[in-house]
Amino acid sequence: MDTSIKEGHMDKTMCISADKRLQEFLESVPEDHSHRRMVQQEVKCGFGLDGVCCRLCSNGPCRISKARPKGVCGADRDTIAARNFLRSVAAGSGCYIHVMEQAAKELKSAALAGRKLKGVDALHRLCDELGIGEADDSQMALRLSEAVLEDLRRPYEEPMHLTEKLAYAKRTGVWKNAGLLPGGAKDEIFNAIVKTSTNLNSDPMDMLTQCLRLGISTGIYGLVLVNRLNDILMGEPELGFDPVGMRVIDPECINIMVTGHQHSMFGSLTGMMEHPEIKEMADRAGARGIRIVGCTCVGQDFQARSRCYEKVFCGHAGNNYSSEAVLLTGCIDLVVSEFNCSLPGIEPICEELSIPMLCLDDVAKKKGARHLPYHPEDREDVSVNVIAAAIASYVRRSRAGKRQNPMQDHGCNEAVTGVTERTLKGALGGSFAPLIDLIAAGSIKGVAAVVGCSNLRAKGHDVFTVELVKKLIARDILVVSAGCTCGGLENCGLMSRDAAGLAGPGLSQVCRSLGIPPVLNFGPCLAIGRIEAVAGELAGALGVDLPKLPVVVSAPQWLEEQALADGAFALALGFHLHLGLAPFVMGSPVILDVLCNQMEGITGGKLMVETEIDAAAEKIAAVISDKRRGLGLNE
Ligand code: SF4
C-alpha cells in the first residue's frame, strides 16, 4: 500500500492526486478533465478570495481595497463579505434541505401507498424519540413524514418543532440564549436571500447570526434526520469490509453509474434490478448482470448499506473528482444523476464515449442529458426507463468490443463500511464506555472528524486530506470521516485494517485488538450528522456539553456552498473547525474576529484556517490536548 505523495511529479499540465493510480491513469488519457483544468485555472482573483467583490447592483461590480475602501453605495468590506458569505451558506443549506424534503416526500408516498419499508426498526426508534405513536407502520410513517414536511415549511418566526427533540439537549439551551433556534428551514433560506439583496441588511453580526441559524437547520434536518429517514426507506447500514475503487467495475456487466445525494430515489430501481425477469434480460444481452456503480456521496451511501444491496451494487468507485476517470474506463453504460457533485466535466466525456445520461431531478439537469423526472408515484416507470436505457447502451458497448477495465488494479481490496452511531456502539459491545475508557487512558488521544469534500486546490486531489489524516493517526488521534473525504481515504488504503501500521502505538494497538482501521468510514456527507450523534452520546455519557470533548472537526478540502453550511453547523455545535483553504471572508476583519475569536464565547466553536498540512496537524493535536486537560486527563 503506497499512500505517499511522490515528489518529482513530471506532468505539469495536471494537478497531483493522493491516489497515485488515479493520477497515472488521468495522465495517460488524451481527454480534457478537471485535473488538467485545475492547472489552467491556477491564477485566482484576489478580490474573490477575500470575498470583497460585490456585483449586487448595476453600479458595480465594486472591488474593495485600501485605496477604495467602500463600494459606490457605501458598503464596506465587512458588509460585502458577510453578504457574500450568507448567500453561500443559504445556497448550501438549500441543497441539503432539498434532499431532506425529497426524502420526506418519498416516505409520505410510501406510507400512503402502504409500501413495505426496509427499516421498520429504524421507524419505530425514531417515532419513539419524537413521540409519534400510531397503530400501524404506514400510519406512523405518514405522521413522521408530515411532521418533517410541516417543520421545513414553517414561517421564519416559528421555531421548528423537531429541532429540540433531535439536538443534544445541552446545546438547545445555548442556542435559545443566543437567539439561534431556527424557524422553518425553507423560510430561513428565503430570509437570507432577501437579507443579502441590494441595500438591505448591512450588519455583519446579524448576517453571521443567520449563518448559524442556517447551520443548525441544515445540520439537524439535512445531516441528522435525513439519514434516519433513509434508514427507514432503504434499510440500515451494517458493518463490513468491501473492495473499493474502480476495481469494483466488472466490464462484463451492464453498469449504471450513479452520482448525487438522493439515495431514496433508487429504492424502486434496485428492487426491479433484482427481479428474475431483469436478470434474464441482462442475460439475453450477453451481460453477467446489471449493477450500480457507486460514485460521489450516493455511492458512499449505497456502500454503507451494501449488505442490503449485495446483488445489485458492485461497490464504490470514487469521489467527485474521480468521476471523470470512472467514465474514462470505458466500462460505464449509463449515468444516472439526481443531485450535486455531478460535474459538468462528465458531459463531454459521455458524449465522446456515447454514454447516455439521465437526470432524475431538474435541479441537477445536465447539458446533453435526458430529463426523466422522478416522482415517488411514477417510480416504477422511471426504473423501467433507466433499465431499458442501460441495457441498450450495454449492447452498443458490447458490439463495439470494449471489454477491458484499465483500472482493475485501482483502489483497495478492503475498506471498512457501514459505520454509524449504532453499528459503532454495537461493535463496542452496546455502549460507548470502552471508547471513553480508551480516550481516558490516552491510547486514543481524541477524535478528529475529517469530513466534507474533495477539491483540487488544497495541495491537489485528496492530498491535504490523506496527508493530514496520516499525521493525525500517527499521533494516536482516531479519525472518523463522512463525505468525499471517504472516497479518497479508502482508495488510498487508510480505511483498511493494514493502515493500523500507520497509526501511533496506542491507536495501532486498539485497531489490532478490535480488528478495525484507524480511519472509520461513515459514508456520505449527509452522515456528518451520524458523527454528531456519536459526539452527543460521548458527551452525554460524560455529562458535559459538546465543546468539552477532545473532538475537532476538519474540512481540509471543503469545496461547495454545502460545506459552508456544514461548517456553520460545526461552529453552532461548539467544535473547533479547521479548514485547509480559507473561506472567502478573509478580507473582513470583523468576520474573522467573530469566527476565530468571539464565537468561542457564544457557542464554544472556533474557526481555524491552516493551509499547511504539518501545521494543521499540530494545531488539531494542540486543541485535543487542551480539551483533554479541561477534562482532567493526561495529555
Ligand atoms: Fe457596489 Fe454597493 Fe452595488 Fe455592491 S451593492 S455592486 S458595493 S454599489
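Any Cβ shown, glycine's included, is placed from N, Cα and C.
Sequence annotations record features per position, and here TrEMBL assigns [4Fe-4S] cluster 1 binding site to Cys45, Cys53. According to TrEMBL, the [4Fe-4S] cluster 2 binding site annotation covers Cys54, Cys57, Cys62, Cys73. According to TrEMBL, the [Ni-4Fe-4S] cluster binding site annotation covers His261, Cys297, Cys341, Cys453, Cys484, Cys525.
For Cys297 ([Ni-4Fe-4S] cluster binding site) paired with Cys45 ([4Fe-4S] cluster 1 binding site), the C-alpha to C-alpha distance reads 30 Å.
In space, Cys45 is the closest of the binding-site residues Cys45, His261, Cys341, Cys453 to Cys54 ([4Fe-4S] cluster 2 binding site), judged by Cα positions.
For the binding-site residues Cys45, Cys62, Cys341, Cys453, Cys484, counting C-beta atoms within 10 A of each C-beta gives the highest total at Cys484. Summary: among the binding-site residues (Cys53, Cys525), the fewest other C-beta atoms within 10 A of the C-beta are counted at Cys53.
Under 6 Å, Cβ to nearest atom of ligand 1: this is the test, and of the binding-site residues Cys45, Cys53, Cys54, Cys57, Cys62, Cys73 it is passed by Cys54, Cys57, Cys62, Cys73. Fewest other C-beta atoms within 10 angstroms, among the binding-site residues Cys54, Cys57, are seen around Cys57. DSSP assigns Cys54 ([4Fe-4S] cluster 2 binding site) to a strand.
Working note on the binding-site residues Cys73, Cys297: by count of other C-beta atoms within 10 Å of each C-beta, Cys297 ranks first.
Checked against Cys341 ([Ni-4Fe-4S] cluster binding site) by C-alpha proximity, the binding-site residues Cys45, Cys53, Cys62, Cys73 yield Cys45 as the nearest. Under the three-state DSSP scheme, Cys62 ([4Fe-4S] cluster 2 binding site) falls in the strand class. Other Cβ atoms within 10 Å of the Cβ of His261 ([Ni-4Fe-4S] cluster binding site), summed over all protein chains shown, number 28. Considering only the binding-site residues Cys62, Cys73, His261, Cys484, Cys525, the residues lying within 10 A of Cys53 ([4Fe-4S] cluster 1 binding site) on a C-alpha to C-alpha basis are Cys62.
If you compare Cα positions, His261 ([Ni-4Fe-4S] cluster binding site) sits closest to Cys57 out of the binding-site residues Cys57, Cys62, Cys73. In this structure the C-alpha atoms belonging to Cys73 ([4Fe-4S] cluster 2 binding site) and Cys525 ([Ni-4Fe-4S] cluster binding site) are separated by 39 Å. The shortest Cα-Cα distance from Cys453 ([Ni-4Fe-4S] cluster binding site) to any of the binding-site residues (Cys45, Cys57, Cys62) is found for Cys45. With Cys62 ([4Fe-4S] cluster 2 binding site) as the anchor, the candidate binding-site residues are Cys45, Cys484, Cys525, and the one with the nearest CA is Cys45. DSSP assigns Cys341 ([Ni-4Fe-4S] cluster binding site) to coil, not to a helix or a strand.
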